[in-house]
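Colleague: Sharing the record's features from TrEMBL:
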| type | residues | note |
| --- | --- | --- |
| DOMAIN | 76-539 | domain 'Major facilitator superfamily (MFS) profile' |
| TRANSMEM | 73-98 | transmembrane segment |
| TRANSMEM | 118-137 | transmembrane segment |
| TRANSMEM | 146-165 | transmembrane segment |
| TRANSMEM | 171-193 | transmembrane segment |
| TRANSMEM | 205-229 | transmembrane segment |
| TRANSMEM | 235-256 | transmembrane segment |
| TRANSMEM | 329-351 | transmembrane segment |
| TRANSMEM | 363-384 | transmembrane segment |
| TRANSMEM | 391-410 | transmembrane segment |
| TRANSMEM | 447-466 | transmembrane segment |
| TRANSMEM | 487-504 | transmembrane segment |
| TRANSMEM | 516-534 | transmembrane segment |
Amino acid sequence: MSSHGSHDGASTEKHLATHDIAPTHDTIKIVPKGHGQTATKPGAQEKEVRNAALFAAIKESNIKPWSKESIHLYFAIFVAFCCACANGYDGSLMTGIIAMDKFQNQFHTGDTGPKVSVIFSLYTVGAMVGAPFAAILSDRFGRKKGMFIGGIFIIVGSIIVASSSKLAQFVVGRFVLGLGIAIMTVAAPAYSIEIAPPHWRGRCTGFYNCGWFGGSIPAACITYGCYFIKSNWSWRIPLILQAFTCLIVMSSVFFLPESPRFLFANGRDAEAVAFLVKYHGNGDPNSKLVLLETEEMRDGIRTDGVDKVWWDYRPLFMTHSGRWRMAQVLMISIFGQFSGNGLGYFNTVIFKNIGVTSTSQQLAYNILNSVISAIGALTAVSMTDRMPRRAVLIIGTFMCAAALATNSGLSATLDKQTQRGTQINLNQGMNEQDAKDNAYLHVDSNYAKGALAAYFLFNVIFSFTYTPLQGVIPTEALETTIRGKGLALSGFIVNAMGFINQFAGPIALHNIGYKYIFVFVGWDLIETVAWYFFGVESQGRTLEQLEWVYDQPNPVKASLKVEKVVVQADGHVSEAIVA
């Protein structure tokens, strides 16, 4: 077994913290250092970058986007994407199923209240319980086998819920589904980021997380179509189809390469280098990008790391860099679930509160909401490798607060008009139920349309801001030997927040209606401030160079430092300018 990277983490942290600039690679001359002499050549220009060596290597190691190897890499990312689809499918699935008459006739849950809370929340409880085991499987057996095992659990859970006739069986199935999702969503994002070339990393991992919409949109469409079936198959068919993407994953993982970082961490250096040459170097072992990645991975990944000790989570909390890494994981995990997006589980109730009362209309709006949110997310994915992560999170979170505030204000006016309409109907001699059902006749529909538009706008902004980065931020913040454990903790936190959303949400909506949204307006403003002071910028650096960033006394300040390079007219990087 290779002994590289066996240095003590604490001494390395102390050593690196004494340096004011990011470490450079003296053993590999990726780009020569200078004082800007070559900037005088015709067509030359100076450019600010976060990592001069990486920028130069990418410029001179142009990966062919439609080569056989690149297409194979796309397929591997698609398989990871399917894992996120399985999770996203559930988000729209239960929203639609709860609204079905046949489901209500079978289980009598209502559309809000404690029974709905249990159905939604047991899924997240299963995911929380499964998170520690997910880390063990991913670290010990590899990312591919983790995805495969997760698929098995999801198929079993689908069988249990689809064959249910009692609420107890249904709830047990939801728990098993959560276990499977936990295993898949630890292995898949780690796999996506570890196989991607550095300059594709944001798009690959962001695309993985857009699998939420790859599941939620089909689920919304399927539940809408099945609504018109006049039997229990109206809700059983959507539940059966939850296992579909898992079959794709389980049949495909045998044709995928293993993560090179997992291979380095387990002493399989030759296989790891062969992967880098084939998929990142156009088959050239002397590619500057391959040489840079190989050296950084060998130096930065330990073969005797904490990934070999299943219970050891100490590096995430006991070191300066570990605490900062976990700060990023905590923020994206909590904020990504508790910024108002958790209301999406109860879209049908939200729509009812703003005047959309027909079940078929509610299901149709549910589809529309998923589609426009997906457009926002995919637009962000296409730009993720060029946009600074920190700025997007600060500005986007503030805009989320503004959109929710608009929705809340219009909903408040709509509520007053509805109450006034009910009273007018009562004065005209209607009974109480008919008075409430016909209150919309006295409501200004423009307020309802405005509230609906603001809610849709919030979902577009949230999807643009958070959906790609929910996969990118935690996987970039965590180094290889703690990535599995860190993602497991992230999964636990995400599902804990999901539990709060799904358990408290129906009760809060039942008791205070639209006023529940005001909670998220204030919280989103707090999140904006947190991103400004504690958000570490990771765009434009290799995963290994981020180790230097997190070792600095102030990682936020260090992450914003830039280097200058001289780029010639032909695109060649002639030197990195030393101050």
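Quick reminder: no glycine exception, Cβ is built from N, Cα and C everywhere.
Give me the lay of the land around each of these features.
Modeller: Residues 104, 109, 111, 116, 119-120, 123, 147, 150-151, 154, 177, 180-181, 184-185, 187-189, 191-192, 195-196, 204, 207-220, 222-224, 227, 235, 238-239, 241-242, 245-246, 248-249, 252-253, 255-257, 279, 344-348, 363, 366, 370, 471 of the same chain, all 6+ positions outside the transmembrane segment (73-98), place their C-beta atoms under 8 angstroms from a C-beta of that stretch.
Residues 90, 94, 98, 109, 145-146, 149-150, 153, 167, 170-171, 174-183, 185-187, 310, 345, 484-485, 487-489, 491-492, 494-496, 498-499, 502-503, 505-506 of the same chain lie 6 or more positions beyond the ends of the transmembrane segment (118-137) yet place their CB under 8 Å from a CB of it.
Tertiary neighbourhood of the transmembrane segment (171-193): same-chain residues 76-77, 80, 83-84, 86-87, 90, 118-119, 122-131, 133-135, 137-138, 143-147, 149-162, 164, 201, 204-205, 207-209, 242, 246, 249, 259, 471-472, 474-476, 483-484, 487-488, 491, 495, 543, selected by CB-CB distance under 8 Å and a gap of 6+ residues from either end.
Using a Cβ-Cβ cut-off under 8 Å and counting only residues 6 or more beyond its ends in the same chain, the transmembrane segment (363-384) has close neighbours at 92, 95-96, 99, 202-203, 206-207, 209-210, 212-213, 216-217, 220-221, 223-224, 227, 344, 347-348, 351, 356, 392, 452, 455-456, 459-465, 467-469, 472.
For the transmembrane segment (447-466), the list of distant contacts is 213, 332, 335-336, 339-341, 344, 350-351, 354-356, 365, 368-369, 372-377, 379-380, 392-393, 395-397, 399-400, 403-404, 406-407, 410-411, 413-414, 417: same-chain residues at least six beyond its ends, Cβ to Cβ under 8 Å.
Using a Cβ-Cβ cut-off under 8 Å and counting only residues 6 or more beyond its ends in the same chain, the transmembrane segment (516-534) has close neighbours at 327, 331, 335, 338-340, 343, 390, 393-394, 397-398, 400-401, 404-405, 407-408, 411, 505, 508-509, 556.
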Colleague: Can you see whether the transmembrane segment (146-165) and the transmembrane segment (391-410) are touching - at least 3 CB pairs under 8 angstroms, only pairs 6 or more apart in sequence?
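Modeller: They are not in contact.
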Colleague: Restricting to the same chain and to residues at least six past its boundaries, which positions have a Cβ under 8 Å from a Cβ of the transmembrane segment (487-504)?
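Modeller: For the transmembrane segment (487-504), the nonlocal Cβ contacts are 117-118, 120-121, 123-125, 127-128, 130-132, 134-135, 138, 178, 182, 185-186, 189-190, 313, 316, 326, 329-330, 332-334, 336-338, 342-343, 345, 474-475, 478.
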